[in-house]
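A short write-up of the structure that comes next.
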Amino acid sequence: FPNSGLYGSYSQGQAPPLSQTQGHPGAQPPQRSALPQASSFTPPASGGPRMPSMSGPLLPGQGFGGPPVSQPNHVSSPPPQVLPPGTQMTGPPGPPPPMHSSQQPGYQLQQNGEFFPSHSFSWLSGTWYFLFFCHFTHVTSSLQIQVIEDDRNNRGSEPFVTGVRGQVPPLVTTNFLVKDQGNASPRYIRCTSYNIPCTSDMAKQAQVPLAAVIKPLARLPPEEASPYVVDHGESGPLRCNRCKAYMCPFMQFIEGGRRFQCCFCSCINDVPPQYFQHLDHTGKRVDAYDRPELSLGSYEFLATVDYCKNNKFPSPPAFIFMIDVSYNAIRSGLVRLLCEELKSLLDCLPREGRAEESAIRVGFVTYNKVLHFYNVKSSLAQPQMMVVSDVADMFVPLLDGFLVNVNESRAVITSLLDQIPEMFADTRETETVFAPVIQAGMEALKAAECAGKLFLFHTSLPIAEAPGKLKNRDDRKLINTDKEKTLFQPQTGAYQTLAKECVAQGCCVDLFLFPNQYVDVATLCVVPQLTGGSVYKYACFQVENDQERFLSDLRRDVQKVVGFDAVMRVRTSTGIRAVDFFGAFYMSNTTDVELAGLDGDKTVTVEFKHDDRLNEESGALLQCALLYTSCAGQRRLRIHNLALNCCTQLADLYRNCETDTLINYMAKFAYRGVLNSPVKTVRDALITQCAQILACYRKNCASPSSAGQLILPECMKLLPVYLNCVLKSDVLQPGAEVTTDDRAYVRQLVTSMDVAETNVFFYPRLLPLVTTEPPAVRASEERLSDGDIYLLENGLNLFLWVGASVQQGVVQSLFSVSSFSQITSGLVRAGSQGEMGSILPVLDNPLSKKVRGLVDSLRAQRSRYMKLIVVKQEDKLEMLFKHFLVEDKSLSGGASYVDFLCHMHKEIRQLLS
């Protein structure tokens, strides 16, 4: 440990023996099993180094399903291994002795099921403490893996049934099926806590954010049915007259079924004659299980014309492909590659249900300093180009023949895609425009009276004279100054205005960037971000290196199901209300989330605050309603309902938190904060909030114990390690190699991530492939064995790290070379048959099949294609690989997990004193 500085001054000294920790004396037993409520750890204090003491593992390990994840109440942890008094340590700590019985000699079972040694400890110096800690982390990492494996084994085999209010779902890393019995699946909604404090005072005391991460159009596994579509005809869906909440399983029917009481605002409503049904002896409608809206947590209504713009049903949406044909785009091979791919990709446009062909129409624009529109009407023998050079006053030069049906105009479209690379092959134009391109696409959709999506393929900073012109403002000297926030802000307000117009038209923008230098991602991302679109970035694009990743991303982006021209509102029962929203969308008022487009990868994170006292008996309700236009032009309402418990005891709040969702919210809150506050202020606020959460638990829920102990709630024992990963992420603490554009790109990316994505993004998975049995290990250099090979992934990148002492047979089986020195490090490119190329050849042996199968499996789980890089031990690329070993101290100054834990303990002690 450092002797001074951020983490305080630690002198060589003495420490008292461990003390036991117990749960809150008045707490209810956990839902799943009687398990320890708290983890405790005794870091060094000013009085000298202290021994670790834990009732549950504090340091993360991983299962195959992902990085360390927290979940309350799974298994009771075996005792930590300790050194008897007087033991001499002559070498590095070895593995713990095998445990044959849960109750071993020398350990006494405590009341709460925790073990502690019955003998006392010897006093340890700082050096001894550090050696002990290394040994201790080795022991606990395997226990943490066991927790994740137990969750997978215990909760992955049976469906998660949503009929019980306030249930904490399985881990995001557990593969499980969901059976909808009245509450929305955790694939659609995950909460920071499933037990909400009854009062605002209690919520302020705990400082635990009350938030939900909502993924309204989440993709479901094949074994789970999509939400049922309910058609109420011309009368439309039944709603509460006062608060406008939609009919759901929590509505209470009264007076023999003739009226119903709204579960959100308590208003009494009449039941329309056509919806009337008798009640059974329990007061439930006899047709409840025949109606999705009365028995399921998620379902859809067909919307009536009242829910459509101008009281007119919408037309099917359109896709417009807008291709940069400046010198950089042509020279890199991008334009030729893209045009070739589009010929086949246009057969894969999203379609409704079992429809034979997609209803989506397509159009094409190319541009540099001017825009070229193409008439691809089916009756033409050849496509026709129309040039608009007045980019200051953009208009669409043709209507008929611009947006067409793919099958009807196939020959003309194919001819166009063949001609585009040849037409611009000799261009010398390097300057581009950007805002007028989006303006043109939006005007085309407006003229066609439909919603749609623009696919923009752009290469450089738009410096040509036109609206939205940008200048190079990249300045690394601003990092760690009060002006650093300007690096994340758009340099002009023109793009916000343009985005607002796009949202009004239902024009979503997906941006594919191919920069060779600074392009001001912070500004170019504004329109995609506010319209619900996506941004993809391929720096220094080369066809041979990046073709596989770009084409995979493009195919997935074009094919995914999208809801267009969408509006989302979150209603709550009396006592709480939605007050803040995070994600890729636009808001013109305080309640409606407007999205020109919304796909199955995007989330909207909602924070709630109290406006009245909640009732423990009735709980709290959330209803998310999304109005959108489907790919076939059908107007629909998707409804998700969730019932949560309410509590008067802080212990119940802490027992039902979900750390993974908590970190998702905190990261998004911090990443928005850098727009308006210095990064240091944002980092300090995160640390303070975390310390307040843990100090409140220590003060109100844990039994009295030594102030030298760090006591964490069972379900938050990984909060410090995860928070440290957020704090030293590239947005909040960039290394010298991280560009301004990279930081802006990651910031907007995280804004829409779901819980599983932020989980692996901030704490990457490290999977040993050869010598060890556990499917994953902690992300730390000390876990790497030079005799093994490891696969590391964080949702955006894949690394294959090869130890210098790997057996020759393993090297031969995987790389088809005879020695470690002959392995080529670097990017694994696709071969001619789409295989993994020469660095990682396709070989017919178990190890090769296992590694390639694992890579394919990981890629299939992620929303973006992860390129694979082979890294040899002590190779120059190893520095990049080590950037993702997040438990270690980072080169940019980020603390190691151990150091941060000590700092967090110091913060908690200051709050308590």
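Heads up, the Cβ atoms here are built off N, Cα and C, so glycines get one too.
TrEMBL lists 9-23 (among others) with the feature compositional bias 'Polar residues'.
Taken from TrEMBL, the feature compositional bias 'Polar residues' covers 30-43 (among others).
Sequence annotations record features per position, and here TrEMBL assigns domain 'Zinc finger Sec23/Sec24-type' to 237-275. Across the domain 'Zinc finger Sec23/Sec24-type' (237-275), DSSP classifies residues as 6 helix, 11 strand, 22 coil.
As annotated by TrEMBL, domain 'Sec23/Sec24 trunk' applies to 314-558.
The domain 'Sec23/Sec24 beta-sandwich' annotation in TrEMBL covers 563-646.
Summarised by DSSP class, the composition of the domain 'Sec23/Sec24 helical' (659-758) is 65 helix, 4 strand, 31 coil. Annotated domain 'Sec23/Sec24 helical' per TrEMBL: 659-758, in sequence order.
Mapped onto DSSP helix, strand and coil, the domain 'Gelsolin-like' (771-852) counts 21 helix, 15 strand, 46 coil. According to TrEMBL, the feature domain 'Gelsolin-like' maps to 771-852.
TrEMBL lists 1-111 with the feature region 'Disordered'.
Model confidence over the domain 'Sec23/Sec24 helical' (659-758) stands at 94, taken as the mean pLDDT rounded to a whole number. Helix first, then strand, then coil: DSSP counts for the domain 'Sec23/Sec24 beta-sandwich' (563-646) stand at 0 helix, 54 strand, 30 coil. Sequence-distant neighbours of the domain 'Zinc finger Sec23/Sec24-type' (237-275) (same chain, 6+ residues past either end, Cβ-Cβ under 8 Å): 182, 230, 283-285, 288, 293-297, 301, 303, 571-574, 621, 623, 625, 637, 639, 641, 643.
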